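Colleague: Handing you this structure, nothing more for now.
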Amino acid sequence: MATASSSGVQLPQCPTPASLPRWKWNALVADHSRSGRHAQALALLPPLLAASDGLVPDAFTLPPAARSCGALRDSSAGRQLHALAAKLGLDDDPFVGNSLVSMYGRCGRVEDAGKVFDGMPSRNLVSWNALMSAVSDAGLPRRGLELFRECLVLGMAPDEATLVTVMPMCTALGWLETGRAVHGLAAKSGLDWEPRVNNVLVDMYAKCGNVADAERAFSLYSSERNVVSWNVMLRGYARNGVVDAAFGLLQEMQIEHGVPADEITMLSILPACLGPSELARLREIHSFIVRRGLDLTADMVPNALIAAYGRCECLLYADRVFAGIQSKTISSWNAMISAHAQNGEANAAIQVFLGMVACGFKPDWFSIGSLLLACADLKHVLYCKAIHGFILRNGLEIDSFTTNSLLSVYIQCGRESYARILFDALGEEKDEVSWNTMIAGYAQNGLPDESLEMFREMQSSVGGHWPSLISATGALMACSQLSAVRLGKEMHCVALKGDYCKDSLLSSSIIDMYAKCGFIDDARAMFDRLEKKDAAPWTVMITGYAVNGLAKEAMALYEEMQSKGMEADEYTYLGLLMACSHAGMVEQGLRFFLELSSHPRLEAKLEHYGCLIGMLSRAGRFADALAIMEDMPEEADAKILSSLLSACHIHGETELGRELAERLLELEPDKAEHYVLASNMYAGSGQWDEMRKVRRRLKDAGVHKEPGCSWIDVAGKVYSFVAGGEDGEMRRMWCELEERIRRIGYVPDTTAVLHELEEGDKVEALRWHSEKKAMAFGLLRIAEPGKVRVFKNIRMCKDCHNAAKLISKATGREIVVRDKRRFHRFSHGLCSCADYW
């Protein structure tokens, strides 16, 4: 019989078998097991088995011994105990069988637990509870709920242990309705008043995102709440970002009910400190911890404080807490690495990592994951490769988390080929997360074709992975980028079949896909069908209206959102600013920005400043735009400089444009679009020598200009067009259109031609721009009154914009053009952008 002597525990001298009757042996084994002295409990078995007087274990000896095997995760000793039970004919005893099922479950051997359960001649509720617990602990909640249904079918009434086991399974799967049904069973049997049951109910509702039901369950058990009950509700508020309620409950708990907070309370409330706006509260909690004398030299509370200070962007205090930890653990170092990585302090994160290794700590999966996050922020592939090499050189276990982190970072660093090699090397070990990482990673980093190809590959792979929420969301994002509405509709069907549309993130992605493909009515229909809406669908719909040039609709939806009591977030304000920027609604945009800036829990980011600066500069308010740029908390990025340079082109501010162009080309010398923008500005003002200099710099830098390309979907087939002359039917169609729009005022705007050509040659060059060819083709092939939807990879030129307005007037057809910047909806001679783009 195996013992726990190898565990290093100093065992006491065992009594001899002859000195004690069997019932006393049983009492000794049970006492050691109940008291957590599991090694001592197992050490009593060998001398008992060696006895020569016929004193053998019975049905009261083995269960506590099995409990000790489970606690020690000693499956070897557990199997020997099982063999002993079979030898003695005790394995048919329900008490012994239940303990063996539980033991195998604790040791992570679910199949063995199932075999024991299946072999039991008679099973009671304890037997079912033991197997459900084993399955749940093994991370198999679906199987656990299937067992629960079987148990109910057999007519067994659940007890407290059943409900405490089953409810976390609903939580793990996010099955709120199933959790409600289990709650109904608990209420029917009167068990929802039991403290443990009530706590798991509150926890289930909170983790499923239903704070209101969590509050109701919590309020039911108001008479005998202990600190555990309060902690569960606090954790629920913190998890769901209900910050004010979390801190209000903490105050109520201590002041009104006199329940003192403990370490677990602090660990529950600290995650509520989500950002800089909560820094003052975080410092109050820190002070409270110090006043209460809670241990800051140990591990858990200081690590949680470091993480909270990291989220609140206060690394100075995070460093101080870290320095005060006397016995730092790997978790302490990981918390510091993560705090720096989350705040864009990539180099500092790397230094902390090197310090951890120098102190003799072996990095774990969290260390590597946090460090990879820092590398992703730097977008420095050499660092990523160095970490990958470190893992291989030091023989660290490359688990799925580390592999998937490497995949993600390689893609973010623009090394898709490296990610693909690593992904292919996984072979049959590819899991759902690996596929999701590649699909979502490609989509998030502007590689929609690769994302959809990976999605198709996943579906056709061995085992045929059914799309998960994350993979479906990634594929929808790719459809949005490609404006591939037909594929997007297929993904919508996949989501309906998988019952994913109830998920806020996925339903928001469907709305986003329709909006970015120009099908704004379909986007609104999807939005209206949602039974429950959090901030995400509202924000996506507002942004959808914004990119489609429907500013008034965006404002109206925002007012409706407010009337429903829904609180806007930073992304909502970004959508509103985008709507104002696209429509030239400067004063309204300024009001929204002021509203955001004065919000107690929100903060204007670089994207918000970019929208505001672009809006002001396009309105010709350069002084205001430059003043805001100077006062920004961050340096202007290429997008902001680019929008300012574009406005300089529109308003003829060449001198300011010259300065901005130099800054832009220094910041991103490898982007052809910046050279083109500067060249356009000089050409527009007739400064041909300066234009030639810019084009020479473009050539010398070895950067290639992206050629203009337009495409149109007709009856499910995509047709693409590039600039250049045409013959045959297309030429006749355009010539007819041109003649019709000339009669109502069309005059070619040759300032859009940047080459030094004769006037007639410039007109001919304008005639065959790719979007004009696509519009002509659409009018030829799409029957009335169907909309003509054209997509273009670069910005639409001024002449094509004027022509499209007049074509819509002459033909009575609505034409939608999505260029690199926004949607243009042409109808009755007008554009949704009001010539403000």
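All positions are counted from 1 along the displayed chain.
Yeah, the Cβs are placed from backbone N, Cα and C, and that goes for glycine too.
Here TrEMBL flags 745-837 as domain 'DYW'. Marked as repeat 'PPR' by TrEMBL: 93-127, 226-260, 329-363, 431-461, 534-568.
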Colleague: Within the same chain, where does the repeat 'PPR' (534-568) have neighbours whose Cβ lies under 8 angstroms from its own Cβ atoms, ignoring anything closer than 6 residues to its ends? I mean 6 or more beyond.
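Modeller: Apart from its flanks, the repeat 'PPR' (534-568) reaches 209, 504-505, 507-509, 511-512, 514-516, 518, 520, 523-524, 527, 574-576, 578-580, 582-583, 585, 588, 602, 822-825, 831-833.
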Colleague: Tell me the residue counts in helix, strand and coil for the repeat 'PPR' (93-127), as DSSP assigns them.
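Modeller: In the repeat 'PPR' (93-127), the DSSP-based counts are 26 helix, 0 strand, 9 coil.
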Colleague: Helix, strand, coil residue numbers for the repeat 'PPR' (329-363) per DSSP?
Modeller: 26 helix, 0 strand, 9 coil
Colleague: Averaged over the whole of the domain 'DYW' (745-837), what is the pLDDT?
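Modeller: The average pLDDT of the model in the domain 'DYW' (745-837) works out to 85.
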